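A.B. asks: First the structure, which I've put down as structure tokens, then a few questions once you've had a look.
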Amino acid sequence: MSQFSFTKMHGLGNSYIYVNMFEEQIPEEDLALVAEKVSNINTGIGADGMILICPSDVAPVKMRMFNNDGSEGKSCGNGLRCVAKYAYEHKLVEETVFTIETLAGIVTAEVTVEDGVVTLAKIDMGAPRLTRAEIPMLGEGETPFIRENFLYNNHRYAFTAVSMGNPHAVIFVDDVEKAPLTTLGPVLETHEMFPERVNVEFIEILNDDEMNFRVWERGSGVTQACGTGACAAVVAAILNGKMERGKEITVHLAGGDLMIAWTEEGNVLMKGPAEVICRGVYEYKIEA
């Protein structure tokens with residue numbers, strides 16, 4: 001029987017099991033199965049996935065994120081805020097501004113601290129990727145993929161594709177509560193046009209600086225929040241002329257609010273909370 005210490009954290013209800021790989025060891029070949037096991041709500045701890053906080057050669061810490069189906073993702077906005085909180089509070093970093101390595105690249109985190117506790121984290125998510133090759137999508141073309149039609153159940157849905165280090169398909173609707181989240185979501189997620197699958201967001205514009213947001217995440221299904229998805233939604237809204245670049249936009253997710261801005265300089269900034277749920281030791285056995 002193997003075991004490791006963990007911290008379960010969430011960003012707006014998007015929860016992961018966090019493992020400090022500065023102290024713990026999980027064999028590389030076991031990571032996918034361990035992520036699937038520990039995330040199981042019935043036989044594990046229950047979460048949207050597992051995130052490893054690892055040493056890095058190019059930053060103070062590195063984040064590796066696994067979905068609850070065992071697949072590894074390249075980035076996770078809510079996860080990055082929680083990693084930033086963990087790293088500062090566990091003295092893996094000393095400054096309130098520091099970098100985090102991800103499979104999608106290096107991002108900059110800034111934490112707000114009160115009495116030694118991180119109450120808010122802001123992440124510079126970098127510039128959005130908008131070409132088919134960068135998202136990635138099948139086909140050629142260097143222009144952004146904006147409001148392209150997708151036929152489902154005899155209804156045409158127009159979506160805009162954005163990558164924030166992971167791929168997103170953003171669909172604007174009149175009411176997110178009536179959006180086909182659990183039906184169209186998995187169909188679009190696994191469509192052949194997205195070779196790495198895709199996260200699917202449904203967006204309802206409320207006014208010039210507010211939107212409602214619901215998400216079907218690749219590898220996880222419906223979740224309470226998706227930080228990179230909120231960033232992609234704001235970028236898509238601006239590309240479609242629905243919102244103004246440079247303004248801070250409030251994104252109302254099922255789990256709470258994020259503040260997102262696509263700056264004139266090109267990067268996307270995400271600000272929001274990160275909270276600890278519980279800590280403990282997880283025991284597991286890998287069958288031979």
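Cβ coordinates are placed from backbone N, Cα and C, and glycine is handled just like the others.
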A.B. asks: Do you know which of N40, N42, N166, N240 Swiss-Prot groups with N14, N67, G77, N78, N199, E217, R218, G227, T228 in the substrate site?
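C.D. replies: According to Swiss-Prot, the candidate sharing the substrate site with N14, N67, G77, N78, N199, E217, R218, G227, T228 is N166.
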A.B. asks: Whose Cβ, among the binding-site residues N14, N166, has more other Cβ atoms within 10 Å than any of the rest?
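C.D. replies: Per the Cβ count, the most surrounded site is N14.
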A.B. asks: Can you give me the same-chain residues 6 or more apart in sequence from G77 (substrate binding site) with a CB-CB distance under 8 Å?
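C.D. replies: In sequence order, the residues whose Cβ lies under 8 Å from that of G77 (substrate binding site) (at least 6 apart) are G11, I123, M125, M164, C226, G227, T228, G229, A230, C231, L258, M270.
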A.B. asks: I want the residues beyond N14, N67, G77, N78, N166, N199, E217, R218, G227, T228 whose C-beta is within 8 angstroms of the mean position of the substrate site's C-beta atoms, in chain order.
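C.D. replies: Other same-chain residues near the substrate site: G73, S75, C76, G79, V215, S220, T223, C226, G229.
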